[in-house]
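Taken from TrEMBL, the feature site 'Transition state stabilizer' applies to 26, 33. Annotation comment: TrEMBL describes 174, 227 as site 'Positions MEP for the nucleophilic attack'.
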Ligand SMILES: Nc1ccn([C@@H]2O[C@H](COP(=O)(O)OP(=O)(O)OP(=O)(O)O)[C@@H](O)[C@H]2O)c(=O)n1
Ligand SMILES: C[C@](O)(CO)[C@H](O)COP(=O)(O)O
């Protein structure tokens, strides 16, 4: 591609990878978490719509449960989704990290900005998605949406037996801590390099970029981008949807 025809940073197309292959063990017995319903619609469909609501996102790759790719394809076909966005489904892996890597491998080469968004965060507002994209387009190699903590945090010596008392060893300064959400946004080449180089288990993608010694920046997250992890989170998510229906009409 000549320099003249190369997209400017503001036009750089954005793809989203949605890891949705988890079991949802902490949610309790039932279907894989991403396929469970929130107000009658699968959580995954809410998450896909949340990302596709951004006019900057032109491809969404859903990483389905390993044996659930056909079911996820049918779900995407059965629900109304924006026509300007392309959708693709790939079967996922044994860990979130592996599922994200599989999703990254499926991206066509011209996508140079990628978002990674948990299917388990179905209610992220589009303004949060766009804030992450804008920060990547402005040149940050990795961007996380983040919120200050409401609780005081203690570092403990983890107990060998669940529910045994745990000695507290430190109280970090809460003012310097943030709870990190998704979508996390990346320069695609940086994220690919991070996934190739970091082999130990991590809980988010940005920490792999940190391990490369590259800067990661935080932009404001949103309370409604919380992760559906335990049964109470399902109730909260349905309450948020009910409030949106009253105030926004959808
Ligand atoms: N092998 C895996 C494991 C997790 N995920 C995805 O990573 C996101 C965040 O993971 P988490 O909330 O921990 O989901 P689960 O792994 O499903 O939950 P649990 O740990 O309770 O089983 C979810 O969208 C989940 O589907 C994935 O794509 N592939
Ligand atoms: C990626 C993440 O949502 C950022 O907060 C989180 O780390 C996922 O954690 P989990 O271990 O998959 O629950």
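Backbone N, Cα and C atoms are what each Cβ position is placed from, and that goes for glycine too.
In TrEMBL, annotation is done automatically, which means it is predicted and not curated.
Here the features listed in TrEMBL are placed on the structure.
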| residue | record | Cβ contacts under 8 Å, 6 or more apart |
| --- | --- | --- |
| 26 | site 'Transition state stabilizer' | 229, 230 |
| 33 | site 'Transition state stabilizer' | 22, 23, 24, 27, 43, 119, 120, 228 |
| 174 | site 'Positions MEP for the nucleophilic attack' | 148, 149, 152, 153 |
| 227 | site 'Positions MEP for the nucleophilic attack' | 118, 120, 121, 181, 233 |
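Among the recorded sites 33, 174, 227, the residues whose Cβ lies under 6 Å from any atom of ligand 2 are, in sequence order, 227. Under the three-state DSSP scheme, residue 33 (site 'Transition state stabilizer') falls in the helix class.
Residue 174 (site 'Positions MEP for the nucleophilic attack') falls within a helix when secondary structure is assigned with DSSP.
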